[in-house]
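> So TrEMBL has the following annotated:
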type     : residues : note
TRANSMEM : 91-108   : transmembrane segment
TRANSMEM : 114-132  : transmembrane segment
TRANSMEM : 139-156  : transmembrane segment
TRANSMEM : 168-189  : transmembrane segment
TRANSMEM : 201-219  : transmembrane segment
TRANSMEM : 248-265  : transmembrane segment
TRANSMEM : 277-298  : transmembrane segment
TRANSMEM : 329-350  : transmembrane segment
TRANSMEM : 370-388  : transmembrane segment
TRANSMEM : 408-426  : transmembrane segment
TRANSMEM : 433-455  : transmembrane segment
TRANSMEM : 467-494  : transmembrane segment
DOMAIN   : 518-640  : domain 'STAS'
Amino acid sequence: MDEPSTSTSGNAMHSDFVEITMDVHQVVPPPHVSTLQLIKIKLKETFFPDDPIRQFKGKTLKTKLILGAQYFFPILQWLPNYSFKLFKSDLVAGLTIASLAIPQGISYAKLATLPPIIGLYSSFVPPLVYVVLGSSRDLAVGPVSIASLVMGFMIAEEVSPTTQSDLFIQLAFTSTFFAGIFQAALGILRLGFIIDFLSKAILLGFTAGAAVIVSLQQLKSLLGITHFTKQMAIIPVMRSVFDNIHEWSWETIVMGVSFLGILLLARHISIRKPHLFWVSAGAPLACVIISTILTFVIKGQKHNIMIVGKLQQGINPASADMLLFHGDYLSLTIKTGIVSGILALTEGIAVGRTFATLRNYKLDGNKEMMAIGFMNVVGSTTSCYVTTGSFSRSAVNHNAGAKTAMSNLVMAVTVMVTLLFLMPLFRFTPNAVLGAIIITAVVGLIDIPAAYLIWKLDKFDFVVLLTAFFGVIFISVQYGLALAVGLSILRILLQITRPKTAMLGNIPGTAIYRNIHHYKEATRVPGFLILSIEAPINFANLTYLNQRILRWIEEEEDTKTENSCLQYVILEMSAVSSIDTSGVSLFEELKIALKIKGAELILVNPLAEVIAKLKKADEDNDYVRPDCLFLTVGEAVAALSSAMKNQSETIEEEIE
């Protein structure tokens, strides 16, 4: 449809036909490509759009080996040139994110209904793996709220975390293993496009809904309730809150609300003044320390303030022997692993790309998938549950001046020191403060300005967002996500089966043709019906396109005059990128229908794959003749108008 403006050598009206003279260029088929070459090209474009092999071309064997090692182990790219100056920046950033990771690790483990110590284990080993395999300079890895919530909820549907605690932990580790296998497989097989089905609208609605549910779940800790529902939907949660009003503890409420206020204030300060990022980064650990001392001094247990309790001292014990690959719960662990793995992967990749864009460096999504996947596989064998890149920790890492992934190593070492020597200090940490930390972390997931922007840009996407949001808070986390994904896929199917088509008209004084409903100055050309097909043609939309084009033809016939009858139907095909076997039959059927009506089918700018298939299918040279193929609509109208004029003059001479 985009054609250069071309001056015409002459314009004349004769019997309502416009004559425009213009050079006509031939439509030629693409060069011959063998089936094997075609398959190779298709596979390359599908799975290797970034062509990672090109960096090896023309290099010596030694260089290729070095590049190969750097590709699989990104640490080898920056470690040889690592300096003390860079380490000072990473040291500050690592210590800063450690101050956030320690309280968040404990809190998120409780969110997943796992022992708090597992949250710290998950902040120790996975970062060590990511330092070696990860390619992001800003990503800070560890447990995250959404994946913790989903994993805990899905397993708790079939296994009680209180009466079957050992089995629950085993299933969590096994689910983490399958999550890692799935994530790594996506990266190795270069199937990362699968996570693209989680659109921005889905993620905004889902994370906002999950943030609401996570926050409401913390009412158990903030109010001091001991008997609380295991369900995640808003109605059962609120019913549980008010049914157990007799369990509310005013001491717990005062402590929880006070520290929640402090944390929210710290967050607000850091948002308003980004250079004070350390305020929100250090606030959780400061609140944990202060509340722990306060609880110890006032003997909080005697005042109904629930505490974390004794935490196991020492680094991660091996857990490979705890993985369950048989039995009744295998399907549960696979399902939980895939769902939590997709969510963790989506968050990690999105966060990594965000900061890569800010700092202007390239992030390979497939390498990140492999890094996160192997990180979780190793983690599952060292008493860790599913981890990924956290937005809150990564933002702090970025603002603290991290230069490389070494900041994750600093964080891991800090967590290791905590595990070895400082665990007894967390014994009196009140659950109410951990709940306040979780609420403060997830409240940032509710992005109202982004939701409003989606409302302005695309109403259907906004409906998808609301579906995810209300599905999560009223039904369940996984069903809310599934409903939103299903609605998005339905939209894609509608776009495929009901492709856009448009009637084109001429912009006066040019050879440009545009949608007559978009450009009001565009005018119809007598004797021509010019249509644009703006999608690939395949079995899914064949019937619709056939019916729609025939309807246009019938409408055109209804409005014909004595001096202007339909002679040519021009199909502008610049946007038809591909066509399948069923799609070829569309042109055969249109050709027959138009022949009966005394009109002819003209094709404009069919692309390489399309013209190649049409020529193979049209053995009789019926509708891909040179006089039925044109490069532009302007050339087609000019050539055919001239033919119409000559034909009209011949008829008049015969009558005279």
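Just so it is clear, glycine is given a Cβ too, placed from its N, Cα and C backbone atoms.
Bear in mind that TrEMBL entries carry predicted annotations, made automatically and left uncurated.
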> Short question: most Cβ pairs under 8 Å with the transmembrane segment (370-388), which of 114-132, 139-156, 277-298, 433-455?
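By the under-8 Å Cβ criterion, the transmembrane segment (370-388) pairs most with 114-132.
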> Quickly jot the same-chain residues contacting the transmembrane segment (248-265) by Cβ under 8 Å, restricted to those at least six beyond its ends, or write none.
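The answer is 221-225, 280, 283-284, 287, 291, 294-295, 300, 303-306, 430, 432-433, 435-437, 439-440, 443.
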> If you count Cβ pairs under 8 Å, which stretch among 91-108, 139-156, 168-189, 201-219 touches the transmembrane segment (329-350) the most?
168-189
> Would you mind splitting the domain 'STAS' (518-640) into helix, strand and coil residue counts from DSSP?
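Final tally across the stretch: 54 helix, 21 strand, 48 coil.
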> Restricting to the same chain and to residues at least six past its boundaries, which positions have a Cβ under 8 Å from a Cβ of the transmembrane segment (408-426)?
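Same-chain contacts beyond the flanks: 90-91, 93-95, 97-98, 101-102, 105-106, 116-117, 120-121, 123-125, 127-128, 130-131, 134, 139-142, 288, 292, 308, 310-316.
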> Does the transmembrane segment (277-298) reach the transmembrane segment (433-455), going by 3 or more CB pairs under 8 Å (6 or more apart in sequence)?
yes
> Report yes or no: does the transmembrane segment (91-108) come within contact of the transmembrane segment (467-494), defined as 3 or more CB pairs under 8 Å with a sequence separation of 6 or more?
no
> Are the transmembrane segment (433-455) and the transmembrane segment (467-494) close, by which I mean at least 3 Cβ pairs under 8 Å that are 6+ residues apart in sequence?
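Judged by the Cβ rule, the two regions do not touch, with the required three close pairs absent.
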> Any contact between the transmembrane segment (467-494) and the transmembrane segment (139-156), i.e. 3 or more CB pairs below 8 Å with pairs at least 6 residues apart?
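Between the transmembrane segment (467-494) and the transmembrane segment (139-156), contact is present.
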> May I ask for the residues of the chain that lie six or more residues beyond the transmembrane segment (201-219) and have a Cβ under 8 Å from a Cβ within it?
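For the transmembrane segment (201-219), the list is 111, 145-146, 149-150, 225, 232-234, 237-238, 241, 346, 350, 435-436, 438-439, 442-443, 445-447, 450-451, 454, 458, 461-462, 464-473, 477, 480-481, 484-485, 488.
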> For the transmembrane segment (139-156), what are the same-chain contacts with Cβ under 8 Å, counting residues 6+ beyond its ends?
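Cβ under 8 Å, 6 or more out: 97, 101, 104-105, 108-109, 111-114, 119, 122-123, 126-127, 130, 168, 171-172, 175-176, 206-207, 210-211, 213-214, 217, 230, 232, 332, 335-336, 339-340, 343-344, 347-348, 351-352, 355, 372, 375, 385-391, 393-394, 396-397, 402, 405, 407-408, 411, 438, 441-442, 445, 476-478.
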